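Visitor: Straight out of TrEMBL:
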type	residues	note
COMPBIAS	1278-1291	compositional bias 'Basic residues'
COMPBIAS	1303-1313	compositional bias 'Low complexity'
DOMAIN	15-56	domain 'JmjN'
DOMAIN	80-170	domain 'ARID'
DOMAIN	223-273	domain 'PHD-type'
DOMAIN	366-532	domain 'JmjC'
DOMAIN	1088-1137	domain 'PHD-type'
DOMAIN	1322-1376	domain 'PHD-type'
Amino acid sequence: MTQLRTNEFIAPPECPVFEPSWEEFADPFAYINKIRPIAEKTGICKVRPPKGWQPPFACDVDSLHFTPRIQRLNELEAQTRVKLNFLDQIAKFWELQGCTLKIPHVERKILDLYQLNKLVNDEGGFDAVCRERRWSKIALKMGFAPGKAIGSHLRSHYERILYPYNLFQTGANLLVSCMKTVTEEDCENRPNLRRRMGSYVPFCNVLAEKCMCRCVCLSQVDQYMCLVCGSGSEEDRLLLCDGCDDSYHTFCLIPPLHDVPKGDWRCPKCLAQECCKPQVAFGFEQAGRDYSLRTFGDMADSFKSDYFNMPVHVSLVLVEKEFWRLVSTIEEDVTVEYGADIASKEFGSGFPIRGGRFQVSPEDEDYLSSGWNLNNMPVMDSSVLTHITADICGMKLPWLYVGMCFSSFCWHIEDHWSYSINYLHWGEPKTWYGVPGYAAEKLEWVMRKLAPELFESQPDLLHQLVTIMNPNTLMNHGVPIYRTNQCSGEFVITFPRAYHSGFNQGFNFAEAVNFCTMDWMPMGRMCVDHYRQLNRYCVFSHDEMVCKMASKADTTMDVALASAVQRDMTVMLQEEDKLRDKVSKMGVQRSQQAEYDLLPDEERQCSKCRTTCYLSALTCPCSPGQLVCLHHAHDLCSCTSSELTLNYRFTMAELYPMMEAVTLRAESYTYWVSHVSDILEAKQDKKKLRSLVVEAEVKRFPQSDLLRQLRTVTLDAEKCAVVAQQLLIGKRQTRYRSGGRKSQSQNLLTVEELRSFVRQLHNLPCSIRQAPLLKDLLTRVDDFQQSSEQLLSDEAPSPVALQGLLDLSLGLDVELPQLALLRERLEQARWLDGVKGASVRPHSLCLDTMRRLIDQGVGLAPHSSVERAMARLQELLTMSEHWEERALRLMEARPRHCVETLVEALQEVASIPAYLPNCLLLKDTVDQAKDWLQEAETLQLGGRIPVLDTLTDLVSRAKAIPVWLDPLARLDSLVFDVQAWKESAAKTFLMKNSAYSLLEVLCPRCEAGTGPQQSKYKRAKDAAQCSERNSARLDCLSDVERALSESKDSASAMATLAEVRQKEMESLLALRASNESKLLLAGDCGALRVCVCHKAPSGAMLQCELCRDAFHRSCVLGSNQDPLPNQAWVCPRCQLSEKPPLDRVLPLLASLQRIRVRLPEGDALRFLIERTVRWQHRVQQASAEGVAVTTSHQRWASSSPTWGQCRLEELMVEGFLLQVTLPETQQLYRSLIKLDPRHHHHTDSPFPQHSNGVACPKKEAVNGKRTKRHMEEEGSKRKDKAKKPRKKKPKLNKERSQEAKGTSSLTATHSDLSLSDSDEDFTLCAAPWCREPEGKQVNWVQCDGSCQQWFHQVCVGVSAEQAEKEDYICISCTQPDHTRE
């Protein structure tokens, strides 16, 4: 889709839209007559039915097939069609000249040849424009920018394309045969040959060119002579006409041709004959295929979606602008199809009809007889068309319209200038444009002025419905235009002689029909005269319709319609009488009666003006089958008048009585009016009044003011009688006892009305027998009013007295003004009682109760007591709301208020006598804050280190209390530090994507042999099962975690972990024994299951040094991974963590000591470090007892197994269980390798290969003999490293004396299994896990607690800056209850 131009379409103003009520919608003609004064000013209007009026769609979709019309959009617009016709003529002209027309481009736009030709002609022609040099002016008028020499281009294109055509149009190219020789002077007299041919060359010097297809052979030239110059010379420039074979020189033509045409060529004479043929009248073609409703809808939706490149629902404004752009351009050729004027009689109407094929449901039967059903509207009594017996499609029978995007209906008025109504059943909107009836001639004049070429060939062009013109163009010429978008379910009504056009926004289904009201009749007669001038046929005979209406001028004809028919018939008879008199004076003597109403319309049309004759016509024997109306008596034939015959339907003597009957019907209303006026002046019986009303209804008199007055008087008389009877017999008791309210469905007489009613009984034209009784009722009413005034004058009347007086009013069936005051005072008394009762119960007096009482009091009538009570209640409410809002603000304040501020506020609230929820909530909040502060103070002053769970719970509860709590920030920071510590510990210990928690890694294992394949779900399930066991048992991690959390101090936590450590060692040793026996005693290798894959052994296997299970290399190692030589290998199930070195773990413990919060992970880490230190001491003891590794090896090797070897193996197992990396572990492993080579894990397969490829243990192993394992040569030849002598370590801050404690050897950490034999003195660190740092300078720190011991800073995780600025307290001083094993 191309972009819109800058001069976009400007939408005209909207037409009026009417939305009738159900009552107005009941009578369509009455409603249309009501809106006519407004709507006819715009020509069209839109009517939206009341909500709920949705007739069912009754058309048979499957059987509806139609052939649509083809519409080429740029041929619809009048000015665009003129341009296209002009271009067709130019193209035809040049085609006959043997050339193909190619429209040039100027400034990247197609040159508008029509506008250029028109402007040049308006300026005086080509020669005048050239002479006065007006080409630049013409370029400006065509919209080109000045200063670009566009004028010279326009002149060149005009001279080449348009100038020859204009010469042809003027006849200047029609050559006269002349035998004289053309001289140079003759050539100079030709108009500007240089400009037309590019250069001026005299005829005698024209260069001969080779003939393409038109030059004849030399042998045949002699018989052809130029009809202009009479010469047969210049044979190569001699042309033969393809139409008449005449000969012409190219240079003898006007204008001369500088080249021989390549195609067929016509001489000027033949060219004039071809181009002067009359053009075929423009009209729509029928499509080449038949559509059903579904196939047409698919085609329409596909077209719109493809054109706009978006879904079908496009903006209405965008579609409207694009439509008017397309119809105004000659560059784009868009073709659409429109299913218009489909007869509903053949395919069925969209509205349900009686006897139709569509089955109407019971709830939709009202639509069958609805006046807005387009099948009913033309034939209703109020429609004039009901008197036409013929079924006229489109006028009396609806037409169906199936539209698609851009399909349009062109400017037109309805036949006979009638009304039309269009209903859009469903689909996308239809856009309408309308012109008021008074501007119809203005529109016709503008279109004739702007497109005169179209009206020259088709004078009745606007009646063909094939031409549109842009509304903006018409508005610019003073034509009023109005528009609307008709959506589905809406009506559009066009008024008499209102031109209208429009287009469809997309696929839709509409239905339309004509109708005529009585106000149309004068307009209809004018239309017949207009048609006579245009020689256009009539759809029906207007005179015939009037005569048929006059023949029914009885009581059934509406009086107003009779008046309209009487006026129209008067004009008709006067004109007919005049015409017959004229014919008689012409000499027509013969006459005969003709039953024209029995003849079809085409057999009684005037042969001159095509008017349908009815009253009279002229015929002649010389012209059988032809007749003329009396207006064209001289146009029938050339015979004398005496040969003509006057054919008449009625004689004038018959016509006048018909008019008298109509007049009598119209005047019967006048007589009735006179009679009614007389009766209203005199007093008569009410039955006489009723008879006059009935007569008006039977004779269908118009709804005049007099008839309404008569009905009013009659109804008043009857109402008086009924009311009097009801008042006396007590049938109008309509008040309730609880206040005497009257029912809204009843209308009671007031006291004054009762008085006037009694007087009215004497004034009505009837007698009322209940008059004396009504007078007595009036007396009782007066007594009630006096009692009411006395009671209302009291300052504080009793509610009981008020209720009693209201009860008395129940017997008086009259509207009493005192009842309102009595009810007001009764409501005031009851309200005051309610306020008093609420005030004595302040515990239940909430804000809603106060507001409800105030709202009730506001609705009461003003009174001093009420105002005083309202003031007190409003003051209490204001104070209560203030404190409620203040209490809420105090709780929501940021920053939060302290407890003291809230306590002060609560002291002020205590004096308010009302129930205040926010204040009570504030009190509860203060109590919670006090309890929390008490608990926090107890926790701080208890002397015990808080547990993390207790601390976390305390912080979370504090955050939920909207009070500023001083300890919260410190406790929250403490919790944050703990979380940070846990994250740091997790990064230190946990492997990437580890399935274990930090506590699982730090604690001893509850069950040995559990690996990563044990999912979290299973561990969670085990934890749930363990929680159900006895709390004293430690069978799973959740039991351990619960025991650690419930432990009172670190000592109990250490005892718990020691118990778990004992279970870990026992279960792991049992697992090792089980795995070793499984490998040794397995008789069938195929049944043996090892490794993480639980498959049989195969190939070279790896054996875990911890669980002693066998593993496939491919299952546990990567493609480029192999175990390190002389290094212990642990399987993935036993490798729980990263096993950081001890120097990375000690700072974690030191930072946890500074936090001073107990948590299970901290206890587990402390136990891990102490267990590590104890293990190192045991290794040192074992080393000391064996004196040397080599010695012990010789001694232990004497017996298999020995006690020493078992002890070393147990130490190694526990070393592997520790989640820290220690050098002693690998040293133990190497020592055991020397004692038993089986501990070497990356040997060749220990299982021999059987024929089936499965590895099995050797039988010698079953017999108790050990398998020899191959040792690496370098491992067996490795020499013990020489121990370096220790140097004295310089001390920081203070020199310590040498200590000779007996436990010093137990606390020292060695890097080798053998004891150091250095004799140098060195200072001992008090830390059990001393790392014995070496270097030029070793930093120390002294405990500021009770022990005053010295520690290496690196051993306790303290930096030099912390040692100088902060106090350091060791673990023994911070936890006095902590004891080491």
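Note: Cβ is positioned from N, Cα and C throughout, glycine not excepted.
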Visitor: Is it true that the domain 'ARID' (80-170) and the domain 'JmjN' (15-56) have 3 or more CB pairs under 8 Å, sequence gap of 6 or more?
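Guide: These two stretches do not touch.
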Visitor: Restricting to the domain 'PHD-type' (1088-1137), what is the model's mean pLDDT?
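Guide: Over the domain 'PHD-type' (1088-1137), the predicted model scores a mean pLDDT of 80.
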Visitor: Residue counts in helix (H, G, I), strand (E, B) and coil for the domain 'ARID' (80-170), per DSSP?
Guide: 62 helix, 4 strand, 25 coil
Visitor: What are the DSSP helix/strand/coil residue counts across the domain 'JmjN' (15-56)?
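Guide: For the domain 'JmjN' (15-56), the helix, strand and coil counts are 16 helix, 6 strand, 20 coil.
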Visitor: How do the residues of the domain 'PHD-type' (1088-1137) split into helix, strand and coil according to DSSP?
Guide: 4 helix, 8 strand, 38 coil
